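A short worksheet on the structure shown next.
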């Protein structure tokens with residue numbers, strides 16, 4: 001586009017540059033748009049580790065409590081049956097079923113005491129006597145075997161006690177029934193502990 005004033009002065013038409021148009025539609029902010037955020041991998045991994053650690057700690061405390069219950073009732077069964085001697089036919093050592101029940105009560109007491117001492121030592125010193133793999137196997141098979149023996153001993157003494165109580169319901173038969181009941185409760189505690197031990201064994205990643 002020529003400027004008439006410049007034409008008259010110099011005789012040569014001059015052209016002025018057209019106004020620079022700004023394409024505002026194509027301008028995009030350098031930092032515009034939603035930025036994609038990467039998930040915090042480290043924090044999520046730490047959260048899973050803490051959650052697993054809390055679960056394992058809760059399982060350890062559960063087994064510890066169940067074994068305390070098994071120890072308590074096994075000890076009660078041992079004391080009641082060992083003192084169940086009233087002369088003549090009312091002596092527990094004259095019956096194989098009651099001797100078997102007493103032997104398993106003693107074995108259960110020794111087993112639970114040993115495991116509880118190991119757990120107390122590990123919790124107090126933060127050191128492991130056995131490796132985690134061996135400890136998991138020992139807990140699972142030991143609890144399972146002891147639960148079976150407790151159930152076997154209590155079940156074998158039930159028929160004999162029932163026959164005695166049909167004709168002679170006295171302190172001897174009552175004590176025998178009490179010892180059987182204590183051993184059944186010890187069996188239940190040990191059976192639940194075996195289930196927890198089996199769950200812990202199945203969750204081990206190194207097996």
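Every residue, even glycine, has its Cβ placed from backbone N, Cα and C.
Since this is a predicted model, take the numbers as computed values, not measurements.
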Open item on the list: If I go by TrEMBL, the feature transmembrane segment sits on one of 64-82, 83-101, 159-177. Which?
Closed with: 64-82
Task: Long-range Cβ neighbours of the transmembrane segment (64-82) (under 8 Å; 6 or more residues past either end) - done: 92, 98, 101-102, 105-106, 108-109, 112-113, 115-116, 119, 146, 150, 175-176, 178-180, 182-183, 185-186, 189-190, 192-193, 196
Task: Cβ contacts under 8 Å made by the transmembrane segment (136-158) with residues that lie 6+ beyond its boundaries - done: 63, 70, 74, 97-98, 100-101, 103-105, 107-108, 111-112, 115, 130, 176, 179-180, 183-184, 186-187, 190-191, 193-194, 197-198, 200-201, 204, 207
